[in-house]
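Scroll down for the structure; my scribbles are underneath it.
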C-alpha cells in the first residue's frame, strides 16, 4: 500500500498497538530545556526511576537566559531556580547539558540540528511547541507536555494517536528576496491559524526543494502556527550535505548506509492525503502580520484590512479585536506603520543564513532614531560563525545590539521584552497578545524585512531598498 512520509515515519516507530488503543511509539531523541523539565525530573525522583536512555537525551538552556550576560541570576529568581534545577537534574541523571558556559549552548531547536542530534527518519520530542522545526530533516518531531516529558525520560516511548495528513505544495520559483518566512506566512494566511488542526503537514513543491536547510527549518517551525501537529520536508541531497560531518551524525560507511535508508523517506506515488493546499510561489510578496495571530497577514504593500471586508462573522470580530489591540486603523498603508523595536532571532530565524540576510540590509545604514534593534544569534556556533564573517561588526556599526544566544524577545520569559504599547518587527513565530510583553504589539516578518524596518523606522519593502 502506498504511504505518505508521515505514515512511514509513524509506522516505523510503533512499539505496540492493540485494537482500540493508542499506539505506543519509540522516541529516538528527547530534547530538554529548563522550563518544562523540572517537574518531570521530580517525578522520576519520586518513583526512583532513572532516565532510560540518557545517551538519547540532550539538554540546553534557552528560554530564561539573559542575552546580555552569562550570569545565571540575571533574569530573575524563577529563571535562576529553573536553570539551577536543570544543572542538578542533568548531573544526577547523566544527561548531557549545554549550559551557559558551553560553546554549543543555544536555542534547543537550533542546537539539535547543528550538532547532528537531529537526523532524518527519527522521532524527536521536546517540551516545547516549536519542536516541529526538526521535521525539516524528514523527522517526525512534535512538542509534548511536562507529564509526557517524564514518560519519555522514564521509558523512551510515548502514546501517540495517528494524525490526519495534509500536503502543502508550493509550485514554481519564489521571486528574489522572498524567504521561507514569507512563504510560510503566506501559507498560514491561506489556511488560517487553525487550518492544519489534527494534521501532520508535508511541505513539497519546487519552491520548497529550493530552500536551504535553514529555510526548511523556518517553514516547519511554523507548521504549529497553522494548528498542525508537525511539519515535514522529505530529505534530499540538501539534507544529507547539511548533516554530513556533524558531531552526532553517522560517520564513514555508517553515513553511507544511513543515506541509503534516508532516500526511502518520501511519500510514495499514489499515496493520498486527507487535505491538499496549493500555492504559487511567484505570487508571494514579503509578508507582514497585522493582527494577533499569524494567519492575520498581508503583503507589505497592502493596506490594513477593514474588518467589514470579512464575510465570516467570527473572522470579522477577531479582526476588530486585533486592530484595537494593535492600535491600527483600517485602510492605512502598512508601510506607514512606525515601529519602536526590532527583534532578529528566535528558533524561527536565528541561524547564520538569517543573520546574513539581515546584515545585507543593515550594511552601510543606521538604525532609525528612536528604534531599539536586537540581533540574537540562535546558538554559540552561530554567534561564532557570524563573528568570523564580520556580521557582528556590520550590525554594531549600524546601531543594532549584538547579543548572546537565547530565546530572547520571542517570549516574555527573560529580560528582553516589549513595554505596553510598543510595536515590534519580529522574526519570531507568534504575534499573540502579550507574547513579547504585556501590551506589546508584535508584527512577524523575515530577517531582511526586520532589518529594513530597523533602518527606516517603519515597515518597508526590501525589494525597494537599494
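Each residue, glycine too, has its Cβ placed from N, Cα and C.
For the [4Fe-4S] cluster site, Swiss-Prot lists 407, 410; matching the candidates 347, 424 against that entry yields 347.
Less than 8 angstroms from the CB of residue 410 ([4Fe-4S] cluster binding site) sit 343, 345, 346, 347, 348, 426, 428, 429, 430, 435, 436, each of them six or more residues away in the same chain. Residue 347 ([4Fe-4S] cluster binding site) is surrounded by 27 other CB atoms, counting those within 10 A of its CB over all protein chains shown. Secondary structure at residue 407 ([4Fe-4S] cluster binding site), as computed by DSSP, is coil.
Cβ neighbours of residue 407 ([4Fe-4S] cluster binding site) (same chain, under 8 Å, six or more residues apart in sequence): 62, 63, 65, 107, 345, 346, 347, 413, 414.
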